[in-house]
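**Student:** Here TrEMBL flags A:12-35, A:42-60, A:66-88, A:100-119, A:151-172, A:193-223, A:243-267, A:279-297 as transmembrane segment.
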Amino acid sequence: MDVFVQQLINGLTLGSIYGLIAIGYTMVFGIIGMVNFAHGDVFMVSSFIALICFLLVTTVMGITSIFLALAIVLVVAMFFTSLMNWAIERVAYRPLRGSFRLAPMISAIGMSIFLANFVQVSQGPRNKPVPPMVTDVIVIMEREGYQVTLAWKQIIIMVLTSVLLFGFWYLVQKTSLGRAQRAVEQDRKMAALLGINVDHTISLTFVIGAALAAVAGTMYLMYYGVANFADGFVPGVKAFTAAVLGGIGSLPGAVLGGLLIGLIEVFWSAYFSIEYKDVAAFSILAITLIFLPQGLLGRPEVEKV
Amino acid sequence: MAVDTAHPAGAVAGSGSPILPGALKDAFLTGLIALGLLGPLVGFETVVIDGALGLAYRPLVVAIMVGIIVAGRLILNLTVWSPNRPPKAQAGSSPVARGILAISPAFKPALLAFAVGFPFFATLMTGGLSESRYLIDLGILILTYVMLGWGLNIVVGLAGLLDLGYVAFYAVGAYTYALLATSAPVNDFFAAILGETFWANWAFWFCLPAAGAFAGLWGMILGFPVLRLRGDYLAIVTLAFGEIIRLVLINWVDFTGGGAGIASIPRATFFGIPFTAGEDGFAALFGLEFSPMHRLIFLYFVILALALITAFTTVRLRRLPVGRAWEALREDEIACRSLGLNTTNVKLSAFATGAMFGGFAGCFFAVRAGFVSPESFTFDISAMILAIVVLGGMGSQIGVAVAAAVMMGGMEMLRNLGFLKQIFGDGFDPSLYRMLLFGFAMVAIMIWKPRGLVSSRDPTIYLKEKKAVSGSLVKEGHG
């Protein structure tokens with residue numbers, strides 16, 4: 001029971017991070033029907049930007065309050081990651097609208113390889129260990145020497161995810177930007193006829209996705225205390241799995257899928273084998289796509305000629 | 001990279017006739033964006049000093065890169081993208097394209113003759129068998145990737161299925177040979193039936209078809225459940241399968257040897273005659289002086305033959321109904337289905353055929369290296385093969401071959417260029433930039449020449465006269 005509660009907490013934390021990345025996948029897929037393969041690497045780059053910013057803030061500017069530092073890091077990482085994703089969309093995806101079917105996907109794969117290797121070349125291939133940022137824990141249960149703890153960093157991650165999700169849900173459901181986004185999603189040509197700036201809306205979708213990925217990247221850095229150029233690939237695929245599991249195109253689905261994937265991964269590691277945890281996540285992806293392609297909360301896809 | 005970031009500010013420049021202010025403003029904006037993109041990651045480097053993480057600063061590199069981008073953008077705005085420039089009249093194909101078309105009938109035989117004669121040229125050029133080792137090794141590497149490219153070309157180029165896990169079949173082929181040839185029960189069994197020396201000398205030749213067949217079988221097993229998925233999903237699932245196979249190879253230590261891999265895999269023989277210095281060896285039987293290079297040159301011809309078999313099979317298959325079905329499927333899946341094609345079977349045949357050739361190449365890899373480990377079968381290899389297919393032009397045999405030679409050979413050449421070291425310092429290693437270039441080239445080629453570098457394509461079916469179809473006239477269905 002103790003182990004179970006502890007793993008539940010860990011799983012929800014990890015799941016929140018996956019959920020934040022998954023939103024980027026699901027929104028882009030919803031609006032232009034493309035799997036943004038480079039999104040995992042955008043997440044990885046954001047954690048590097050966060051790392052550099054954190055080092056600047058703490059060592060050069062000498063800010064000692066960890067929460068102030070984290071807030072600055074978060075804003076800076078969100079800004080630069082958004083700028084990057086905006087540029088990526090502008091350079092690598094926009095010219096390919098209306099090109100043949102595989103073109104945007106291949107371009108995205110190229111972008112993903114480019115980003116990972118760009119970071120490898122500019123920052124080196126080694127793991128970058130970060131000094132622990134938030135170390136306080138709350139002991140919520142203790143029995144026979146086994147403590148179930150809830151770390152402050154876990155609380156930060158879960159609270160931040162919930163707040164962002166609410167804000168984001170509000171954005172999509174209640175504002176004119178969200179309405180434009182949903183309109184473009186349904187029918188791009190009609191939306192353009194009705195005076196919606198389609199390019200602008202799609203760009204903004206990428207920017208929002210990147211901002212959320214940057215939050216995930218910063219949280220990932222804070223939680224695991226390490227950044228590596230290869231860390232975009234596997235979390236990226238897992239977040240995509242989360243998006244598919246929740247039903248691609250659906251925002252609550254992405255978060256639900258993220259939480260489920262996080263829980264499955266953590267429980268699998270705890271009760272079965274830690275070596276095969278990635279195999280488990282990848283298998284879920286294949287099984288979901290084969291047997292439940294519309295996901296848990298998604299709409300079934302109608303193929304149009 | 002410089003070109004990559006130079007685009008974002010878009011075609012805002014110059015609306016009136018004095019274009020300089022507009023161009024300047026645009027270049028400034030581009031510079032600002034480039035600074036934002038490059039500043040954090042290039043300007044600062046995280047370095048570990050005394051166990052703690054610190055920062056190193058590289059403002060000069062950022063300044064140079066941003067400077068190049070701004071200058072390039074400004075020059076482009078004033079010249080090529082200038083609104084005052086008269087639009088280029090597009091009359092027919094360009095002289096370059098015509099030139100290529102004119103020499104293209106001679107190109108293939110010439111390339112083939114070069115490939116066949118390569119070991120001899122290499123020996124003559126370097127002045128000795130053992131001196132040519134480096135060149136022959138490079139030739140084998142390039143041909144392996146040519147073969148892998150041609151194999152993947154069947155799946156991606158002909159059938160239009162994006163397979164990101166092609167390396168899985170390469171791995172299956174390599175491990176099939178490695179496991180069969182090193183497992184004691186298998187060896188004892190065949191040695192008892194066929195005689196010990198016979199089996200020892202023929203193991204590779206028996207395992208080669210087995211490896212291909214096994215990889216093809218895996219292609220079917222993996223393909224069957226997923227081929228009903230639409231394009232992007234298929235790509236991700238094949239990627240997942242590629243990773244699953246690699247993770248299983250790492251973690252199933254009892255069976256595959258885990259991360260340490262399998263060593264001392266038996267060498268290839270000249271159809272039963274081993275390349276040894278002894279009396280039954282290849283050199284003694286043919287009256288040559290023994291040299292370890294004989295084996296390497298033989299391996300070169302083996303992979304050349306395997307690659308040519310792949311190309312030949314593909315060319316023949318394209319003329320059969322199944323090959324036509326592949327191409328039809330690539331152009332429009334829904335039309336195929338409405339015409340009564342069983343798309344799942346068509347896809348499955350393409351997937352399995354591609355996988356089979358991957359298996360052959362994998363078997364060859366195992367026998368050449370004498371050692372396999374999961375490290376050799378990462379996603380990078382899949383991405384590299386895909387980049388080769390994409391750059392060469394999906395569906396074009398000759399394009400894939402040229403792309404493989406340029407990508408693998410070009411990087412290898414770059415490594416040996418001394419002046420690069422003088423410019424960038426001694427620590428400069430171009431091979432680090434290989435994947436960076438591959439990724440960038442994939443994006444660039446999709447934007448500028450989505451048909452690949454060799455974009456003209458021979459029509460499969462023609463009436464009386466065979467006309468080359470220019471890439472700009474072929475348009476794929478928007479799926």
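The count begins at 1 with the first shown residue.
Glycine too: its Cβ is placed from the backbone N, Cα and C atoms.
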**Student:** Is the transmembrane segment (A:12-35) packed against any residues at least 6 beyond its ends, judged by a Cβ distance under 8 Å, and which are they?
**Tutor:** 42-43, 93, 97, 104-105, 108, 154, 157-158, 161, 164-165, 168, 181, 184-185, 201-202, 205-206, 208-210, 212-213, 215-216, 219-220, 223, 235-236, 238-240, 242-243, 246, 248-251, 253-263, 265-266
**Student:** What parts of the chain pack near the transmembrane segment (A:193-223), using Cβ distances under 8 Å and only residues at least 6 beyond its ends?
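**Tutor:** Distant Cβ neighbours of the transmembrane segment (A:193-223) are 13, 16-18, 20-21, 23-25, 27-28, 31-32, 36, 39, 42-51, 54, 70, 73-74, 77-78, 80-82, 84-86, 88-90, 94, 130, 133-134, 153-154, 156-157, 160-161, 164, 168, 171, 177, 180-181, 183-184, 231, 235.
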**Student:** Mind checking which residues of the chain, 6+ beyond the ends of the transmembrane segment (A:66-88), have their Cβ under 8 Å from one of its Cβ atoms?
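**Tutor:** Same-chain contacts beyond the ends: 38, 42, 45-47, 49-50, 53-54, 57-58, 111, 133-134, 156, 203, 206-211, 213-215, 217-218, 222.
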**Student:** Ranking A:100-119, A:243-267, A:279-297 by Cβ pairs under 8 Å to the transmembrane segment (A:151-172), which is first?
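**Tutor:** The stretch with the most contacts is A:243-267.
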**Student:** Going along the chain, which residues at least six beyond the ends of the transmembrane segment (A:279-297) come within the CB cut-off of under 8 Å?
**Tutor:** 237-238, 240-241, 244-248, 250, 252-253, 256-257, 261, 264-265, 268, 272
